[in-house]
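Okay, structure first, notes after.
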């Protein structure tokens with residue numbers, strides 16, 4: 001069924017859902033959920049839009065039944081961790097490639113897809129400031145590198161200057177379909193498969209993991225803007241710790257934990273479990289340490 005023109009803003013989220021249908025149905029489910037929620041707010045009355053949304057709802061209902069035994073679907077905190085870890089894993093792969101000066105289609109798509117999945121995180125609530133910054137940076141970087149390569153220019157690697165108000169939303173009407181990009185293959189502990197890409201980038205550093213709406217279409221930057229953007233925070237787990245930090249203070253008898261503290265500790269443990277699914281020891285350790293500190297000191 002053709003996508004109504006009113007829903008153009010969610011076309012890439014839906015394409016990402018389709019790409020992950022067999023490889024990671026959890027990603028597919030939440031991408032479609034985000035698309036449906038966004039579509040409902042955009043236009044739920046026009047006949048073609050209503051018809052499209054009903055079809056999307058049917059797909060989601062079917063998937064929910066098929067995945068009823070999957071914790072990432074039945075428990076939001078686990079689903080949140082799954083999507084966030086996957087998004088940040090893509091971000092870090094692209095960021096590592098970018099900093100090493102290896103510019104190619106797959107890293108461009110990794111940046112852009114990570115920004116789409118950070119959009120999707122808003123189905124669980126408001127995005128953290130850190131993830132808002134990652135989304136903005138990833139979307140801008142993807143557009144900047146894409147435009148440089150298209151124009152025969154050499155992109156500047158790393159967190160170069162970026163305008164405060166500049167955030168590329170799309171690559172034009174053709175989007176990524178014009179680039180012939182694909183995230184084929186498994187994504188456990190490594191970057192998206194590059195089998196379909198004509199590149200000599202088989203050796204890449206192993207990355208590690210970490211519904212506001214995408215901003216409206218804006219003009220894509222043709223070169224590095226002026227504002228300094230060197231202070232972007234790289235997600236936890238970008239580099240696995242060489243050793244564990246200083247030991248945590250022992251529990252004291254006077255600690256009073258609130259229900260909220262227990263919920264937060266449980267969330268950190270879930271995040272750690274999700275990170276281990278991706279064999280990311282660094283992030284798992286970091287989240288377990290956060291849970292331990294909270295439980296032993298009552299403070300984050």
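The backbone N, Cα and C atoms fix where each Cβ goes, glycine too.
Nobody curates TrEMBL annotations by hand; they come from automatic prediction.
Not measured: the values here are computed from a predicted model.
Listed in TrEMBL for this protein:
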DOMAIN    10-151  domain 'Vta1/callose synthase N-terminal'
REGION    182-259  region 'Disordered'
COMPBIAS  210-221  compositional bias 'Low complexity'
DOMAIN    259-296  domain 'Vta1 C-terminal'
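According to DSSP, the domain 'Vta1/callose synthase N-terminal' (10-151) comprises 118 helix, 0 strand, 24 coil. When DSSP labels each residue, the domain 'Vta1 C-terminal' (259-296) comes out as 35 helix, 0 strand, 3 coil, counted as helix, strand and coil in that order.
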